[in-house]
Amino acid sequence: MIFSTLEHILIHISFSTVSVVITLHLISLLINEIVGLYNSFEKGMIVTFSCITGLLVTHWIYWKHFPLSNLYESLIFLSWSFYIIHMILYFKKLKNNLSTIIAPSAIFTQGFVTSGFLTEMHQSSILVPALQSQWLMMHVSMMVLGYAALLCGSLLSVALIIITFQKGIISSFDKRKHLLTKSFFFSEIKYINKKVKILQSVFPLYVRNYYRSQLIEQLDHWSYRVISLGFIFLTMGILSGAVWANEAWGSYWNWDPKETWAFITWTIFAIYLHIRTNINLQGANSAIVAFIGFLIIWICYFGVNLLGIGLHSYGSFN
């Protein structure tokens, strides 16, 4: 009873906190990035991350299994993974644009967790025999971490597409993109920003296009890095799942709906990484593939749970 009450308190504190801090952050962006509001945003994200971590640990201790046995538990872990990625970008000093894109993912995930759709899943039960394995932590954690990283990277790519086609990007960006990446680190670009401000009063259109191209460069760079990390996690998750399936069901691969869509997801992002090796196809072209992958991930993650079919149907909606 105590553990259940503690879980309830932690999940609602985390959801309330992240709702408030994201609102403050959006206000700070609209009012020329007020420093005080931004600091409150980061402190709130740290508090929320601590609450989610405490919730996972409490759930693990009370139910005596790693909290990844059903959709409710995996969504909490997915939300926690979003915070991990946010913290990485925060410590990389990418505080504004990328955080604004990734942070809302956590609030939508937690909003769904605290909704009434998963009420019957809040109380865990004895694991089915297939889940009573040490592979549960390895396989499912790698898959969810992979989904989280791929979703975040894909969101950055979606933002890149929107910015690129919103008003039309200058053609010189594509020609100078490789040279800019090769010549400057992002820390050096910050120094260039000071010089560009001098031109702002004289060439406002040029400066606006410059900042837009710089933002697209940053989005393209970090979406590639985050998706690459997610692809590694996804690959490890699929391989560990194959070993676990052989132990539980006697076959490494059964073309179960979940397995099939996981393979499709892996293929889409493998295509994305292959396209990224071609300089002429970087930017918006590869971002479109990432957007397709974004849609495929949600089909893979919720598809089986909505239909309740296949060998992975133990995590479906009741």
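Placement of Cβ uses the backbone N, Cα and C atoms for every residue, glycine included.
What TrEMBL lists as domain 'Cytochrome c assembly protein' is 68-312. Annotation comment: TrEMBL describes 12-32, 44-62, 74-91, 98-118, 138-165, 222-245, 260-275, 287-311 as transmembrane segment.
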* Could you tell me what the rest of the chain brings near the transmembrane segment (44-62), counting residues at least six beyond its ends with Cβ under 8 Å? => 3-4, 6-7, 10-11, 13-14, 17-18, 20-21, 24, 73, 76-77, 79-80, 83-84, 86-87, 90, 103, 106, 124
* Structure fact -> Sequence-distant residues near the transmembrane segment (74-91) by C-beta distance (under 8 Å, 6 or more away from its ends) are 11, 42, 45, 48-49, 52-53, 55-56, 59, 67-68, 98-99, 102-103, 105-106, 109-110, 112-113, 118, 140-141, 144-145, 147-149, 151-152, 222, 226, 315
* Within-chain partners of the transmembrane segment (260-275) [C-beta distance under 8 Å, separation at least 6 from its ends] -> 143, 150, 227-228, 230-231, 234-235, 237-238, 241, 281-282, 285-286, 289-290, 292-293, 296-297, 299-300, 303-304
